[in-house]
Amino acid sequence: MKKAIFLDRDGTLNIDHGYVHEIDQFQFIDGSIEALQQLKAMGYLLVLVTNQSGIARGYFSEDQFLQLTEWMDWSLADRGVDLDGIYYCPHHTEGKGEYCQDCDCRKPKPGMLLQAIKELNIDPNTSFMVGDKVEDMLAGKGAKIKNTVLVKTGKPITEDGKKQANYVLESIADLPKLIKGLKS
């Protein structure tokens, strides 16, 4: 089984400007790409798990999301970072049409993580879930991910978020150092 870093997107990898769906809105958080390079070098799979309710709400299309995701994936690949899995939830209970559903994939439910664990043969005991909200921490716990990491680069940190997180970091840039410290 493989070890993995499960990554939220908005507020964790990129600045959350609210419903980011255009390339010109997308800015990687300082140090995030370098952190991903280090995590890759440490032997971790990198798995994106992102809620995208903007699709359900009609703010942007699934095609627009997929185009931005392809651009992000290529931008990372150009810097030597390959994402091993990309999982997203386009649903919301207040969504429109086919996207209006109470699904198992929308965080805080663990559906996306459980699917990745199964498809990519991931060991939850050696893996980390990284995100900026309590929903990310709850999804990690629901999937039995041993380590949940809350980052301060997105939504304001809540007491609930702190309680659910094993670790709270300034940003994902600090994650490789944390992991190295845990191993020593």
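Placed from the backbone N, Cα and C atoms, the Cβ positions cover glycine too.
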Checklist entry - Asp8, Asp10 bind Mg(2+) according to Swiss-Prot; which of Asp104, Asp123, Asp132 goes with them? => result Asp132
Next on the checklist: Between Thr50, Asn51, which of the recorded positions has its C-beta surrounded by the fewest other C-beta atoms within 10 Å?
Outcome noted: Thr50
Next on the checklist: So among Asp10, His17, Tyr19, Cys103, Asp132, all listed as recorded positions, which is physically nearest to Thr50 (site 'Stabilizes the phosphoryl group')? Use the C-alpha atoms.
Outcome noted: Asp10
Item to check | Cβ contacts of His91 (Zn(2+) binding site) (under 8 Å, same chain, 6 or more positions away) | outcome: Ser53, Ala56, Tyr99, Cys100, Gln101, Asp102, Cys103, Cys105, Arg106
Checklist outcome for this item: With His17 (substrate binding site) as reference and a Cα-Cα limit of 10 Å, the qualifying recorded positions from Asp8, Asp10, Cys89 are Asp10
